[in-house]
Ligand code: GLU
C-alpha cells in the first residue's frame, strides 16, 4: 500500500481555460478509483477555489484582484469546488471530505496532531480527503501562501510515501522550455542544490499562485520529511495511475531521509522562512558531529524576526543550512546574547530560559557527518 498526496494546481483543474474543466474531474475520479482498488490511499490538495469563485461571480478571470476580493472569490468558490468534487466523485462511489488548513493549524502541535488524526481516520474509512488553504480567513502571517508548499506540509503531516505535484508543465527543465529550445526535462533530481534552485527561476501562469520555485520548495521540504516527489503534467493520460505503478513520468525527487519521526516532521513543517542563525565552525561541528545543542557562544549572526518556540534555520559560515529547530529565545533576545557565555544570558536579558538556544531534542540536523 502506498499513501499518495496528489496536488492539483488551478491550471490543471481548468485545463488551461478560465473555468473548472468538469471532464478533468471525471478523469481524476476514474484514476482514483483504480488506485484505491489497488489498495492505495489518496489525499488531494486542490486549488481552484478562487477560479471557481470568479467563474460563479462572473469576474474577469484574467484580472488581478486584491486580497480581500480574492478572499471573497475563495469563500464563494470553495463550496462550488467541493460541490463539483462531490457530484462527480459520487458517480464513481467515492466519498470525499474537506479540510481547510492554514499554516497556523500546522504550527500548533495539538492542532497539527488533530489534523493528522482526522485525515488518517478519513483514509482508514476509505474517504478521499480534499485539502485547500483556508483562504477566506487566512491573513498573510498565517498563510502557507501556495498549495505547492501546503501539499508538502500535508505529505509530511500524514506520513505519505509520495507527493505527486500535477501542473501544466511536464516537470523541471534545465531552462525555461517556453523560451529556450535547448531546455531539457530532468528525469531525476537526487539533491536540490543551487543549480536546481537556479533552474526553478521565478514566474508562473496567471491562474495559479506557484511557479516552479514553490514546487522546488515543496520538493525540498517533502524529501527532507521522507516523502518522494514527482512533478508531472496533469494532462498526461492516466498520469496518477502510471506513477502509482512505478512508471517514470516527469521529474522524480527521491526522499533524502527515511521517514523522520513525527515530531521531527512537525519541527520542519513550522519553519520561519526568513529566519537565519549563523553559527561558527565549532558550534557547527558540535551540532553535526557530536549531537550537541546550540548554545549562545557559537552564534555569530541572527537575521529575521521570530518568536520563542518557532522553528528557525541554522546556517554555517559558508552559508550551508545545517539544521532547523525550535528556538528557546526570540530573535531580538538572540541578537543581544549572540556570542555570550551561557551564564551571561540572565544578567543581560533579565531572565533566562536555560543555556540551550536550540535544544538537541528540538532539532533536525540536515547536514551529514563528514
Ligand atoms: N488556494 C488557492 C485556490 O484554491 C490556490 C493557491 C495555489 O494555487 O497555490 O484557489
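Using the three backbone atoms N, Cα and C, a Cβ is placed for every residue, glycine included.
The model shown is predicted, which means the values in this text are computed figures rather than measured ones.
Per TrEMBL, the features are as follows:
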- 7, 167, 168, 209, 210, 211, 212, 213, 214, 215: ATP binding site (BINDING)
- 47, 135, 147: substrate binding site (BINDING)
- 275-358: domain 'PUA' (DOMAIN)
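Here the binding-site residues are 135, 168, and the one with the most other Cβ atoms within 10 Å of its Cβ is 135. The separation of residue 135 (substrate binding site) from residue 168 (ATP binding site), Cα to Cα, is 23 Å. In terms of C-alpha distance, the listed binding-site residues 47, 135, 147 place 147 closest to residue 214 (ATP binding site). In this entry, 47, 135, 147 make up the residues listed for substrate, with the farthest two CA atoms of the set 11 Å from each other. All protein chains shown were included, and the count of other CB atoms within 10 Å of the CB of residue 147 (substrate binding site) stands at 27.
Among the binding-site residues 47, 135, 147, 168, 212, 214, residues whose Cβ is positioned under 6 Å from ligand 1 are identified as 47, 135, 147. Averaged across the domain 'PUA' (275-358), the predicted model reaches a pLDDT of 94. Spatially close to residue 7 (ATP binding site) yet at least six residues away along the chain are 44, 45, 147, 148, 151, 163, 164, 165, 166, 218, judged by Cβ distances under 8 angstroms.
Per-class residue totals from DSSP over the domain 'PUA' (275-358), listed helix then strand then coil: 26 helix, 25 strand, 33 coil. According to DSSP, residue 135 (substrate binding site) sits in a coil region rather than a helix or strand. Residue 7 (ATP binding site) falls within a strand when secondary structure is assigned with DSSP. Comparing the binding-site residues 47, 214 on other C-beta atoms within 10 angstroms of each C-beta gives the minimum for 214. The number of other CB atoms found within 10 A of the CB of residue 212 (ATP binding site), across every protein chain shown, is 25. Between the CA atoms of residue 47 (substrate binding site) and residue 212 (ATP binding site) there is a gap of 16 Å.
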